[in-house]
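Under the heading domain 'ABC transmembrane type-1', TrEMBL lists 18-290. Taken from TrEMBL, the feature transmembrane segment covers 20-41, 53-75, 125-144, 150-169, 231-251, 257-274. According to TrEMBL, the feature domain 'ABC transporter' maps to 334-557.
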Amino acid sequence: MSLVLSLLRRFRWRIPVAMLLGAGGAVSGLALVAVINALVAGTLPFDTQRLGLMAALLVAVFACGFLSQSMLTSLGHRVVSDMRVETVKRIMDTGLERLDAIGAPALYATLAKDIVAVGQAFNRLPLLFANAIMLLSGFCYLAWLSFPLFAFSAGLIGAAAAVAYRWVLRMRALMMEVRATDDRLMETYRGAIEGRHELALNGWRRQIFHREDVARTAEHARVTETHADRYWALSLSWTSMLVLGVMAGIFVAGTMLGLPAANIAAFVLVLMFLRMPLNELVGTLPILLAGNVALARVEALRLEQYRAHFHAPLADGTPKLPADRAASAGTPLMELRGIVFEHPAANGEKGFRLGPVDLTIERGETVFIVGGNGSGKSTLMSILAGLRKPAGGSIRLSGRQITDAERHCLREQVSAVFSSPFLFERLVGPGGQLDEALAQAFLRRLRLSGKVSIQDSRLSDIQLSQGQRKRLALLSALVEQRPVLLLDEWAADQDPVFRRFFYEELLPELRAQGRTIIAISHDDRFFHVADRVLQCDAGTLSPWGGREAVRNAQTVL
Ligand SMILES: Nc1ncnc2c1ncn2[C@@H]1O[C@H](COP(=O)(O)OP(=O)(O)OP(=O)(O)O)[C@@H](O)[C@H]1O
């Protein structure tokens, strides 16, 4: 609802104007029917003046309808475009924990389906409004024509609407279910595309995946959709029957009440005219309901509210924390005290607890972290990067305690290459400006210059081998020129020659430039490169216990 209100607020004057035009068209149409009625009944003379009036009303019906429709449909397209842009920004501003809980398929489904559904519903609003106005003014005219007949038809229509309302509620519930199935379908699409190699290898897997996951989910959607459409067909037929039934009833009631035939005929003519808006109203119901369901889905995601800015200031109004703040006073770059983080339990499996972690990182230090699979290394890394919010403890950056609202300051200091990095074609340097010469130099040093080129800050190709993609991800991190570099098992995919180059040339060079490097690594042959090696074990951090401890590092279950 808040979304609709914000849209109405944004297009403040255009929506009322377009709706007024729609109402103008509806009233003109009805006035034309009233004039024809009066001409037929002989209460108005048929002369050039009436002819002119009818022509003017016809022009008004056309002009108001066209202007109102085109204004509101263009607004509908604007709504879709704004919602796309804003929803992506809201996703970017939402915490990782929330995004993990929502899951990628639900987010893709919202971007691909919900936004379009809201736009389509929005496009129908003018029609809905024009038809509602037409019905309202039509019933006022009917009441003026004959109040007893109006009361009779209003009673019948009211009773029928009460029945139809239950069907509409049921239809909405079914559409909610269809929409929930869309998330599951999206997951199967992802499986078919991203799991294509695994599926191509195994015919049984292909068959079972297709039958149990794809076909079963699609079938559930089909059955539920068909069920929902049945309620719609019921409502449509009910409406058609209702209008014809009311007409027949009017004739019987009018005759029994002894009303003049001309009055009954006029009444029936107006009802005939009102049949069209009534049918259109019911006809747009599925689109309106789909928009309503889509809005409910977007709001249920509980994404961060939209904000236009990208760089939030510090609590004291400082736009950015200076990288070398307090460096002269010898303050450590980062201090973690009693940091605790929990991955919540899911599907009956127990969660994971990291901490309490105490860690001080000096400026320019090279720190390696070792530990078994699932021991919490990557989780710690994401806390050091300010990506995850610890449940307890404090983080100081250059001596300044970082509040939750200021975690973005931590992020601004850090470049990272995660274990499965996402590659963007565009390289971004400090302040959004790329130092092309530096990027070209790194491209050569990472031995990618024969494979990829950089033009206008863009990489010419990112479809490379796993190891080469990791080198591009490192390039992308290095050109950011940030004081802290976080690497999650970066060298794991590199060949032995390049691995040696990385540990024995590149890292010492970066260290000499004053970069602080925190790297998850299992290459104990190169641990001499680090100032310190720490060991992560079941969520706790301690100094490395030597090669033996690495070999004995247990996988955390
Ligand atoms: N997004 C998540 N949601 C829930 N639990 C998670 C999530 N990410 C990690 N975990 C759990 O947290 C624990 C630590 O994971 P983490 O990725 O930090 O380990 P790691 O030491 O980096 O492991 P590896 O060496 O295998 O990469 C694991 O048991 C994992 O199941």
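Glycine is no exception: its Cβ is also placed from the backbone N, Cα and C atoms.
Please treat TrEMBL annotations as automatic predictions, because they have not gone through curation.
Proximity of the transmembrane segment (125-144) to the transmembrane segment (231-251) is not established, fewer than 3 Cβ-Cβ distances being under 8 Å for residue pairs spaced 6 or more apart. Long-range contacts of the transmembrane segment (231-251) within its own chain (CB-CB distance under 8 A, at least 6 residues past either end) are made by residues 149, 152-153, 156-157, 160, 163-164, 167-168, 170-171, 174, 264, 267-268, 271-272, 274-275, 278-279, 282-283, 285-286. Proximity of distant same-chain residues to the transmembrane segment (150-169), defined by a Cβ-Cβ separation under 8 Å and at least 6 residues beyond the stretch ends, is recorded for 139, 142-143, 231, 234-235, 238-239, 242, 245-246, 249-250, 253, 271, 285, 289.
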